[in-house]
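Peer 1: Pulled the feature table from TrEMBL, pasting it below:
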type	residues	note
BINDING	H173, H196, H205	Cu cation A binding site
BINDING	H341, H345, H375	Cu cation B binding site
DISULFID	C93-C112	disulfide bond
DISULFID	C111-C174	disulfide bond
DOMAIN	196-213	domain 'Tyrosinase copper-binding'
DOMAIN	368-379	domain 'Tyrosinase copper-binding'
Amino acid sequence: MASISLSAVPTTSLSSRPPLFSKTSSTYCFKVSCKSSMDDHSENNPKLILPMQNVDRRNMLLGLGSLYGAANLTNIGSALAYPITSPDNISNCVPAEDGFIPGDAVRGNACCPPTTQTTAVPYVLPKFTKLRVRPAADRLSEEYIAKYQLAIKRMKELPDEDPRSWKQQGKIHCAYCNGAYSQYMNGHPELKIQVHNNSLFFPFHRWYLYFYERILGSLIDDPTFGLPYWNWDNPKGMLLPDMFEAPYPNPDPTKPPNPKFNPLFDPYRNCAHLPPAIVDLDTSSAAGDKSCAHQQISENLSAMYTQMIGTTTALPDAFFGTNYDPDPSKILAGRIESGVHTAVHIWVGNPRMPNNEDLGNFYSAGYDPAFYVHHSNVDRMWQIWNELDFRNVNPCNDDWLNASFVFYDENQRLVRVYNKDCVDINKMGYTYEPSRLTWLQGRPIRRVKASNIAANSFGVVKKVEEIEFPVKLDQAVKVLVKRPATKRNEDDKMKTSEMLFLEGIKYNGEQFFKFDVLVNDVDDGIETTPVSSEFVGTFAQVPHSLGGNMVMTSGAAFGLTQLLEDLEAENDEYVLVTLVPRAGAEDATISKINIQLVPLAN
Ligand code: C2O
């Protein structure tokens, strides 16, 4: 092996590798450590303060006899023996290159961390006496805001080479996203590590924020400091928290306060989207704004409902995405990641910058303090999803559990952390201040009265088997997809879930890319928004770098069971699927569309 090889990657098992991604796998993970807590999702859980009657009762009742649920339904649960491992020696880090055009990067492509230490020591979660509570950003006291601003100010005052500095923290995101780290895997000696569009997304960002929060706490001598979360899933939090743009005392006391002295300020934000603009959680149009506020709020709540419940309940692969793989056509990106998460990035980034810096591009996102409160809420969604239904379990295949990253901690020690140590936030020493989950009431309603929509399109719309793949996504794609079974009863639905798979989606990863997925829709998405049951979801991608043409491949999966009930299409033999391109789809293609039954354990 070359010097970039990693000790944790035995080559012997590479050839006997089973497929990572098998929808008909009967291998489940029944590990106790992988179950979500039975008591946590109940009505008595103080963390969920809305009554649960708004959630489909079946979600609560299904599989009560199977304490450990159906972990990781479509990943094979066996060890593949080469978990994604960021380098043993960080001097193997190389300048981020993918797509970088010299001179076009406002933030630069030198994303590697300082090499004051090069070999990471295994991180042990420290003991603590009091949980850090992450508060909702829109409810902070003046005092808390001042404390947070002071912490960021001190971070910004650290010398650039200090691994705790604002600049180094910002670089971390670029390094893990723009090709700075590689590992040996499956005969690919330089597989670039990518923490987006796969199941590394949630754990990587959880650890990233964990150290960021501890660094901020140590800079103000407050080990209980909790990083605020931007509560964009709640109508009260659907605008950029005021503190990010608030005036701040001028260092020259004879001059008036000015936002640009505010440590939370970032010059690269979309000024059309500062408060009181309401965030668009569906990025209906990348540049423009939507009609009225109440309509935007309902669309946001429905997008949340669909991504947290409607298409992901009991389907870990739909929620988290699947394992990173050298063959990108096997990878699925998670629903929250390619949904509301992307939308907030795009909404905040400045369209006047060459690459939508800062939040609007992965390479630069970590330089805006708003990135961390955005991701604090993304991380909170993981926690809430686990609590919503006991079948909402985390991935538990060995590759996922043993995937690891390196970070500098608050004491400037280089440490290695594992996914398996980040599945319980209380063990990590933090929790979230509760906030109303208004979107539990956001279940979409069908637009059109059920009238055999699929059957009526026979002869007009082609069946999936009559289409030649890959299909171009430069215009709306309409296709009839056969269901594996019809008239499924409650018993069937307890055993399997019906899922729509879109595989091998190829697109230009250097621009904002989005298409919407509709089922049994009759107007090609012209009026269909997330408030309609016909709107299954979206596949939206934050650009990776800068303007060139970097082909990326990923996939998406959506649970259809609840949606087909809402559409009264359960007896239909076919489903009419429409893919509507919204942005950056000129060169995009898709190589496979189908519906399969995914077994649930019971
Ligand atoms: Cu690493 Cu929101 O992205």
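A Cβ is built for glycine as well, from the same backbone N, Cα and C atoms used for every other residue.
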Peer 1: Taking C93, C111, C174 as the disulfide-bonded residues to compare, which has the smallest set of other Cβ atoms within 10 Å?
Peer 2: C93
Peer 1: As a quick check of your reading of DSSP, tell me how many residues in the domain 'Tyrosinase copper-binding' (196-213) are helical, how many are strand and how many are coil.
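Peer 2: Counting residues by DSSP class gives 13 helix, 0 strand, 5 coil.
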Peer 1: What's the CA to CA span in angstrom from C174 (disulfide bond) over to H341 (Cu cation B binding site)?
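Peer 2: C174 (disulfide bond) to H341 (Cu cation B binding site), Cα-Cα distance: 17 Å.
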Peer 1: Who sits close to H196 (Cu cation A binding site): which same-chain residues at least 6 apart have their Cβ under 8 Å from its Cβ?
Peer 2: C177, A333, E337, F362, V542, H544
Peer 1: Rounded to the nearest Å, what's the C-alpha distance separating C111 (disulfide bond) and H341 (Cu cation B binding site)? Just drop the number here, would you?
Peer 2: 23
Peer 1: What are the DSSP helix, strand and coil residue counts for the domain 'Tyrosinase copper-binding' (368-379)?
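Peer 2: Going through the domain 'Tyrosinase copper-binding' (368-379) residue by residue, I get 11 helix, 0 strand, 1 coil.
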Peer 1: Same chain, not part of H173, H196, H205: whose C-beta falls within 8 angstroms of the C-beta centre of the Cu cation A site? Give them in sequence order.
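Peer 2: So the additional residues around the site are Y176, C177, V195, F201, F204, Y208, F362, A365, H375.
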Peer 1: Using C-alpha positions only, work out which of the binding-site residues H173, H205, H341, H375 is nearest to C93 (disulfide bond).
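Peer 2: Result: the closest of the binding-site residues to C93 (disulfide bond) is H173.
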Peer 1: Are there recorded positions among C112, H341, H345, H375 that sit within 10 Å of H205 (Cu cation A binding site), Cα to Cα? If so, list them; otherwise say none.
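Peer 2: Among C112, H341, H345, H375, the ones whose Cα sits within 10 Å of that of H205 (Cu cation A binding site) are H375.
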Peer 1: As a test of the contact definition, list every same-chain residue at least 6 positions from H345 (Cu cation B binding site) whose Cβ is closer than 8 Å to its Cβ.
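Peer 2: Correct list: L359, G360, A365, H374, V542.
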Peer 1: For C112 (disulfide bond), what is the tally of other C-beta atoms lying within 10 angstroms of its C-beta?
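Peer 2: Total other Cβ atoms inside 10 Å, all chains included: 20.
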Peer 1: What are the other residues, in sequence order, whose C-beta lies within 8 angstroms of the center of the C-beta atoms of H341, H345, H375 at the Cu cation B site?
Peer 2: H205, E337, T342, V344, L359, A365, F371, H374, V378, V542
Peer 1: Restricting attention to the domain 'Tyrosinase copper-binding' (196-213), give the mean pLDDT.
Peer 2: 97
Peer 1: Between H173 (Cu cation A binding site) and H375 (Cu cation B binding site), what is the CA-CA distance rounded to a whole number of Å?
Peer 2: 12
